[in-house]
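The transmembrane segment annotation in TrEMBL covers A:12-33, A:45-64, A:84-103, A:110-130, A:176-196, A:217-241, A:261-280, A:311-329.
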Amino acid sequence: MLEQLYFAMEVFLNGLMAGVLYALVALGFVLIFKASGIFNYAQGVMALFSALTLVGIMDGQVPFSHIINATFGTDIHHFGWHVPALFAIFGTVIVMVLFAWIVQRYIFRHLVGQEPIILFMATIGLAYFLEGVGDLMWGSEIKKLDVGLPQGINDTIDQVTYEMFGYGFFIDNLDIVATVVAVLLVIGLVIFAQYSKEGRAMRAVADDHQAALSVGVSLNFIWIMVWSVAGFVALVAGIMWGTKSGVQFSLSLIALKALPVLMLGGFTSIPGAIVGGLIIGVGEKLFEFFMSSSALAGELFGFTISATENWFAYVLALIFLVFRPQGLFGEKIIERV
Amino acid sequence: MLDNSESYVTEDGRTIGGVVMEMKNITLRFGGVVAIKDISFDIREGEIRAIIGPNGAGKSSMLNVISGFYVPQEGEVLFHGKPRPQLRPYEVAQQGIARTFQNIALFEGMTVLDNVMTGRLNKMSSGLLAQAIWRGKAEKEEIENREKAEKIIDFLEIQHIRKTPVSRLPYGLKKRVELARALVSEPSILLLDEPMAGMNVEEKEDMSRFILDVNDEFGTTIALIEHDMGVVMDLSDRVVVMDYGKKIGDGTPSDIRNNQAVIDAYLGVAHD
């Protein structure tokens with residue numbers, strides 16, 4: 001029985017780590033939603049696209065090589081160089097800023113003042129477009145991403161816990177890194193929003209467009225900035241997920257896991273995205289552990305079920321919607337009559 | 001008739017300078033509706049210039065043209081004697097023309113102090129990196145901006161609500177916070193869109209006093225729109241009267257009082 005308890009604790013910790021990764025994706029949603037009221041369906045694809053671009057730059061892949069080869073009858077695929085991870089990340093950031101500019105200039109600038117549902121539809125279009133562009137640019141095969149982050153079991157934790165409990169905890173190094181990065185990212189974002197001039201302008205735009213204009217804030221600039229920051233957050237999420245499970249197109253589906261996270265945490269709260277992510281991560285891991293264990297659920301209910309991770313988050317979000325539709329940290333919806 | 005660059009001294013001893021801003025034959029249409037029809041007038045440095053007129057006369061539209069929110073189809077705006085190219089609202093603000101809104105546009109989620117501080121956004125020049133490491137220039141700038149903000153907050157007597165979220169304030173105070181935010185950017189021209197709309201007599205008197213004080217203390221040129229004839233006549237140096245998008249009067253308050261077209265517009269004309 002003690003063994004089971006340790007195992008549950010290990011599952012709990014792993015759930016926390018997985019939750020951090022969900023939170024990273026959810027964070028990108030919150031940023032854009034807060035500043036411009038756009039629910040950006042493309043956030044997950046942005047994570048995928050940034051990871052693809054990062055791998056592409058690192059491996060010196062020629063973008064659009066398939067089209068180029070098909071058109072000109074050439075056979076080029078690689079530039080033949082390898083770019084160090086840090087420079088490649090820098091290059092990807094530039095690509096994401098460029099992406100932000102294009103999105104703002106050619107899509108959302110023309111949709112200012114439209115209904116939220118129209119903006120949302122535009123982001124769905126953007127998501128599929130970007131997925132297609134990613135495919136054309138870098139190809140659709142699964143790629144390995146290695147920017148030098150440590151991976152595999154953390155031996156120190158394994159040993160220490162073994163000496164303490166007689167049971168070694170399996171914690172992945174990458175998960176620890178992801179947690180540290182997420183914490184730093186959130187601290188950085190909060191400081192940026194609260195104390196910098198640009199952050200102050202961003203909050204002003206989020207609050208009232210007209211008033212922001214009247215104090216000399218360019219809406220266009222702020223929106224490009226917000227999309228750039230969201231792109232950067234997507235890149236961080238892309239690096240973590242890509243390192244964990246390879247850069248593949250199913251990465252964009254992780255974005256869907258961010259939806260229940262947001263329903264729990266509230267669409268407008270940065271801390272909410274983090275807490276929501278952790279709850280979902282821990283909840284689904286513990287639930288899976290409990291329901292699939294013959295010693296627990298089997299004893300209790302007489303049956304076990306597995307693969308609950310696929311639906312647990314959504315059911316939890318549904319329950320939340322019934323009792324607290326604004327989420328844990330969201331702004332309360334009060335309608336004056 | 002005064003020359004554009006000539007200055008004069010008012011009865012109460014203030015010096016009114018030359019023309020800083022001039023509207024020339026402004027026409028603004030929304031589809032088939034003509035909101036402003038061929039209007040010209042000027043604003044002199046240091047004066048309080050009022051635009052009055054009945055509902056729907058095009059007063060707010062005029063203010064929106066000056067502040068860049070609307071683009072007129074015809075005519076031009078001269079700023080310091082030079083034709084102003086078509087600017088976006090935030091660029092107009094960056095030129096030192098601040099404004100308030102008829103229906104109050106404040107950042108409801110922020111405190112009064114934060115709201116006022118946003119008025120200093122254009123005065124901050126240090127880059128993101130400098131702000132991130134928070135030393136030297138950025139720090140000095142922040143302290144300086146904060147001092148300016150506190151000074152204006154003091155001036156408008158809203159110290160007691162500095163840390164209160166704006167959404168919790170009553171209407172009259174919100175108007176004052178909005179004025180503070182406009183004022184803190186040290187504008188050369190201040191545009192006030194119905195600063196006294198919806199206020200009771202006492203609040204109106206307070207607001208009038210603040211407008212006069214601002215003009216007096218900082219020498220700010222003020223252009224304001226107002227409904228209340230009494231207030232306008234007491235407050236302003238010169239008045240433009242609009243009706244159905246046209247200018248029907250322009251001059252000192254006493255000129256306006258005796259202007260037949262203005263009397264007709266306000267009291268109605270007897271149709272025989």
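Backbone N, Cα and C atoms are what each Cβ position is placed from, and that goes for glycine too.
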Q) Does the transmembrane segment (A:110-130) reach the transmembrane segment (A:12-33) with at least 3 CB pairs under 8 A, where each pair is 6 or more residues apart? A) no
Q) Looking only at residues six or more beyond either end of the transmembrane segment (A:45-64), which have a C-beta under 8 A from one in the stretch? A) 25, 28, 76-83, 85, 88-89, 91-92, 95-96, 99, 126-128, 130-131, 133-134, 136-139, 143-145, 147, 230-231, 234-235, 237-239, 241-242, 247, 249, 251-252, 254-255
Q) What same-chain residues lie close to the transmembrane segment (A:84-103): Cβ under 8 Å, and 6 or more beyond its ends? A) 46, 49-50, 53-54, 57-58, 126, 147-148, 224-228, 230-232, 234-235, 239
(Q) Counting a contact as 3 or more Cβ pairs under 8 Å, with residues at least 6 apart in sequence, do the transmembrane segment (A:261-280) and the transmembrane segment (A:311-329) touch? (A) yes
**Q.** Chain residues outside the transmembrane segment (A:12-33) and at least six past its termini with a C-beta under 8 angstroms from it
**A.** 39-40, 43-44, 46-47, 169-172, 175-176, 178-179, 182, 185-186, 189, 226-227, 229-230, 233-234, 236-237, 240-241, 244, 254-255, 257-258, 261-262, 265, 267-270, 272-274, 276-286
Q) When you scan the chain for residues with a C-beta under 8 Å from the transmembrane segment (A:176-196), skipping those not six or more beyond its ends, what do you find? A) 16-17, 20-21, 23-24, 27, 31, 149-150, 154, 202-203, 229, 233, 236, 240, 270-271, 274
